[in-house]
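> What TrEMBL records for this protein is below:
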type	residues	note
TRANSMEM	51-70	transmembrane segment
TRANSMEM	76-95	transmembrane segment
TRANSMEM	107-125	transmembrane segment
TRANSMEM	131-150	transmembrane segment
TRANSMEM	183-202	transmembrane segment
TRANSMEM	237-257	transmembrane segment
TRANSMEM	269-292	transmembrane segment
Amino acid sequence: MLCAVVAVGLQIAVNYLNDYADGVRGTDARRGSDAAGPRRLVASGIDPSRVLLAAAVTALAACSAGLVAVVITGRWWLIALGATCLLAGWGYTNGRHPYGYRGLGELAAFVFFGLVPALGTQYALSGSITVTGAAGSVICGLLSVSVMMVNNLRDLEDDAAHGKRTLMVRIGSGKGKCWCMRALGWAAGLTVVFAMPLSVYAELLDLLIVLPAEVDRERSCTEYGICDDWSWGNADWMSLAAFVSIAGCVAIATRAVAAVRHDQWRRALPLCSMTSLVAAGAFVLNACQAGFMV
């Protein structure tokens, strides 16, 4: 829970800082209260100092949770990692040379919204990093990048007009859409491969194959009193739930790709976010399945 507060708190703080900086610089001039698309706080007339204060409060909450986690685990070097995350969050759109204005935002999102929170959480909890954890961090990073790409593709013209040279501005809409769709595809593919072991896929397939026959046996038990001990255990149900989540991740990612291809940014953004949640759910359910097997 503490690690979740750190990750979510820092991301919210970065969003506030981005809103503050873009609003002060005038990049969000067309994203005010009367805008047809997504609105921004400073552009809507909210005092920039209040937005900056909100960023500070959420960052403080994240830091407090992080310090508690460090004290509990004794992994003091994580403080340096947290400080690096704070500096990266500030430097995205703030300061004299914000790297978000130089096409490095996607790289930072991959590292600080993907690799760092996922691997940092796993290491804080277990003291080690596994292949599955590394794959999960890459998936988080790719989906974070896809969300940023959708945002920057939507704002491409405004960003270019205000000198915000995002990666999408640098490579253009065509290549940008291609990269975004690839990120979604890679994330979905990695989820299929790593969210559940191949052996569990095989076991689940066997269970689904024999299920009709077992249903018939249950009917025989009811009608003739001939009963078997067969039943699905908790691990089996967790495997099925994980498989459904994986299939859902692929389906939602496919819809997100279609939305990006047709420039439907208002559909693409929530679909990218939903893909992240469902993919995370698949990993959690598989972990629960493994716990029931122990």
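Every residue gets a Cβ built from N, Cα and C, even glycine.
Are these features on the surface or tucked inside, and what are their neighbours?
Residues 6, 10, 13-14, 17-18, 20-22, 25, 59, 63, 66-67, 69-70, 101, 105, 108, 111-112, 116, 120, 124 of the same chain sit 6 or more residues outside the transmembrane segment (76-95) yet have a Cβ under 8 Å from a Cβ within it.
Sequence-remote contacts of a segment are chain residues at least 6 beyond its ends whose Cβ falls under 8 Å from one of its Cβ atoms, and for the transmembrane segment (107-125) they are 3-4, 6-7, 10-11, 69, 73, 75, 78, 81, 85, 88-89, 92, 99-100, 133-134, 136-145, 147-148.
Proximity of distant same-chain residues to the transmembrane segment (237-257), defined by a Cβ-Cβ separation under 8 Å and at least 6 residues beyond the stretch ends, is recorded for 146, 181, 184-185, 187-188, 191-192, 195-196, 200-201, 203-204, 207, 267-268, 271-272, 274-275, 278-279, 281-282, 285-286, 288-289, 292.
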> Report, as numbers and ranges, every residue of the chain located at least six residues beyond the transmembrane segment (51-70) whose Cβ falls under 8 Å of a Cβ in that stretch; write 'none' if there are none.
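Distal contacts: 2-3, 5-10, 12-14, 16-17, 19-20, 23, 41-42, 76, 78-79, 82, 86, 89, 124.
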